[in-house]
């Protein structure tokens, strides 16, 4: 009772901003430490975009424009170098047959991003901050470490993509190790762009997406894919004559498209708009416009991914190494040795992809491809930096400047990448992408399970909690996505052919599955499986913490007006 009186007193004594009462529960993040508050700190939320008034209008383009930005920044994760490599391999190995998998994965991604955006809009906190309030210390730290691993893995893929793009653009004059080092400096340069304002930063990301669309769209027009086969592959969920290779590729598409740290990122980016969370109508309206914007952004990213798949499906599906070698010899390409003189099926990555485009369609195709890869790597690097900052702030309540944050994660990402670039060749460097895709696939449950858990709790989401259909469909989607990615991990590990690695993987799998089971336990209770909530009946354990803590820590009436 005394605690409740203290909370009400804090609410009464809380300051007012622009005539609206604010308090620690309606703030955009948990209170920072006194040390952090005394230091100058640069954040994405220094500027908030005002939303124009449009009374009695069901839809307003002016409002949609004001809400446009976070969804396009989020969509960049669907266009990173790892996704581009997955696209071209899908086209080269399965032709147009797996386009429906790409479409389905993008739709699932949109539904998950919807949950992330709603959490940020309704609570005023992003996913990492809610995890910080809801989970006990040890699970929270483990969760943070897993998400950090996903961010570092994504960062490594972006470094590899940028280094390969620079090598292709310079016709080999910039070695891979130098390209890796260049990505350190250019990231810091780009990060200063947000000093010019939030909307200008979002416009710059829009420019990079446009560069990718033009680059890969040019390749699409140049190759002229069969439109009938393309539409059939996109809308007929069937893969005639497919075997284990195509199945693994289908699983890889899902793993590449749905990125764990992107859920954390999107839930934070939506906080950059001025939305009165005490006003239920405004919150509902913000959810609507953010969903429309995310749909448009992911539609654009889907088209760009289709461009890449279609180019390699039309031009290089079922091509042999001998055919490619002969063509590269005829055009005088210096990269002929990449393709052995045998009748094996052509295997491509983002480096070989540029080379074969140059051999078959001229140098312009190679350079434009490299420009597209460079834009993908640069944009993904910057959004990865934001993800890392939000995750660190939320889980640890530790506020670092972006400069320090980039220095840490980029150093961790660059060290192994640089060693491979110096001592190995480009095949080993691009081969790291397979391992990194597996690493990120393993981290998916640590974003998908918490987002479904918290958006299903009425104590957190109030009237905006998931309904029965969303709970059921969300649970099924997350179960399927996690199962698919676990299959991807098993396939990768079994291909290593090492008894020591099998034993190590088994031990790690036990710990991993135990932690996933712990998160799933919380999630099932949030979804309404009350028979599992035995801790609350004996009044011990973390389960009481899950729902009751936030009820005491957040004045639900301050979230939306009833």
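Cβ coordinates are placed from backbone N, Cα and C, and glycine is handled just like the others.
Per TrEMBL, these features apply:
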- 1-15: compositional bias 'Basic and acidic residues' (COMPBIAS)
- 1-38: region 'Disordered' (REGION)
- 16-30: compositional bias 'Polar residues' (COMPBIAS)
- 99-121: transmembrane segment (TRANSMEM)
- 174-193: transmembrane segment (TRANSMEM)
- 205-223: transmembrane segment (TRANSMEM)
- 250-269: transmembrane segment (TRANSMEM)
- 290-317: transmembrane segment (TRANSMEM)
- 355-376: transmembrane segment (TRANSMEM)
- 407-424: transmembrane segment (TRANSMEM)
- 444-465: transmembrane segment (TRANSMEM)
- 472-493: transmembrane segment (TRANSMEM)
- 499-521: transmembrane segment (TRANSMEM)
**Message:** Test of understanding: applying the rule of at least three C-beta pairs under 8 Å (pairs 6 or more apart in sequence), is the transmembrane segment (472-493) touching the transmembrane segment (290-317)?
**Reply:** no
**Prompt:** Okay, the transmembrane segment (472-493) and the transmembrane segment (355-376): do they have at least three CB pairs under 8 Å, pairs separated by 6 or more?
**Reply:** no
**Prompt:** With the transmembrane segment (99-121) as the reference, which stretch in 250-269, 444-465, 472-493 has the largest tally of C-beta pairs below 8 Å?
**Reply:** 250-269
**Asked** In the same chain, which residue numbers or ranges, 6 or more beyond the ends of the transmembrane segment (472-493), come under 8 angstroms Cβ to Cβ?
**Response** 108, 111-112, 115, 248, 251-252, 254-255, 258, 434-435, 437-438, 441-442, 444-445, 448-449, 452, 456, 466, 501-502, 505, 516, 523, 527
